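J.: In case it helps, TrEMBL gives these features for our protein:
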type	residues	note
DOMAIN	35-291	domain 'G-protein coupled receptors family 3 profile'
TRANSMEM	34-58	transmembrane segment
TRANSMEM	70-94	transmembrane segment
TRANSMEM	106-128	transmembrane segment
TRANSMEM	149-171	transmembrane segment
TRANSMEM	191-213	transmembrane segment
TRANSMEM	225-247	transmembrane segment
TRANSMEM	259-282	transmembrane segment
Amino acid sequence: MDYCFLCNNKTHWAPVNSITCYKKTVEYLSWNDWFAILLIILSGLGVVLIFAISTIFTRNLDTPVVKASGGLTLCYVILLCHFFIFASTGFFIGEPREFKCKSRQAFFGISFALCISCILMKSLKILLAFSFDPKLQNFLKCLYKPIPIVVTCMGIQVVICTFWVIFRSPFVEQNFFIRRVIILECNEGSIVAFGVMLGYIAALAFICFIFAFKGRKLPENYNEAKFITFGMLIYFIAWITFIPVYTTTFGKYRPAVEITVILISNYGILCCTFLPKCYIILYKQETNTKSAFLKIIYNYSSKSAGILTVSQISLESNFTTPQYPITNSCCKSEKTSVN
């Protein structure tokens, strides 16, 4: 031929000097992909772990460990949130659809916000129970409103996701930058809204970390705060790492990066929150008794009272007026001290 016909660059491609246009293959993170299968297995193991923890807590409902964890209702709510987070990973796998793209981030974000809010209330309750500072205790009493705070924290995330879906909704996008492949993916619509949603969860996690860190020296059997602190640190490390990796990843494995970070952070918080309690219930039954808990509380209270007494004595001594000698006119050598 005297001249060449160009293929449609968006849908077809052709080798050099070819007389045929070849249709581009459509790629996305399918259910048959080996990485997707691995992520599905990890999510399934997380769901199994949640059911195992629920069974252990239900069978030991009246034990001090379960009661010290906030009771069965609060534990069930937190475990249900973890279940929804694991389930949300399924929305990132398979052929992108309009419903999947619009709902996956909102489903994950609201579930994670509710989970962190409940853990925040648990940390606040433990800190309030063992706070011996009157000013701090009064502040915590005014602050401790479990249901309103949890509803408010989750409600803010619901508002963020609702505005995101209404004004800059995610949509299905075909990416033509690769010569022989069409990448089918979800465009988040607004990177700012995506960042605000993740930033809000990070803010809740940071507040939870502060409360948990303040209560890290509480009695051993009640000291969930130390493990909650570790869980929040795992969350921060995972999501800080996520930002540069996600922005530099291209192609069908980009959703897999977010799934991986979701699984790491969810596993970290779940294991740090519940596994130490399960270990006490199963293997340290002698410490899971009312008498053992009362002994630990008594020792902690006595130690804290002693520290407060020493601090009070030191404080009073700091405010003692120095002694000044006063000379008596009748007896020059006689000195009296005025306090």
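The backbone N, Cα and C atoms fix where each Cβ goes, and this holds for glycine too.
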J.: Would you confirm whether the transmembrane segment (259-282) and the transmembrane segment (191-213) meet the contact rule of 3 or more C-beta pairs below 8 angstroms, pairs 6 or more apart in sequence?
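T.: They do not touch: fewer than three Cβ pairs between the two stretches lie under 8 Å.
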J.: Which range wins on Cβ pairs under 8 Å with the transmembrane segment (149-171): 34-58, 70-94, 106-128, 191-213?
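T.: Answer is 106-128, with the largest number of Cβ pairs below 8 Å.
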J.: Averaging the per-residue pLDDT over the domain 'G-protein coupled receptors family 3 profile' (35-291), what integer do you get?
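T.: Mean pLDDT, the domain 'G-protein coupled receptors family 3 profile' (35-291): 85.
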J.: What residues in the same chain, six or more past the boundaries of the transmembrane segment (70-94), come closer than 8 Å to it by Cβ-Cβ distance?
T.: 28-31, 36, 39-40, 43, 46-47, 50, 53-54, 57-58, 61, 100, 103-104, 107-108, 111-112, 114-115, 118-119, 121-122, 125, 255-256, 258-259, 262-263, 266, 269-270, 273-274
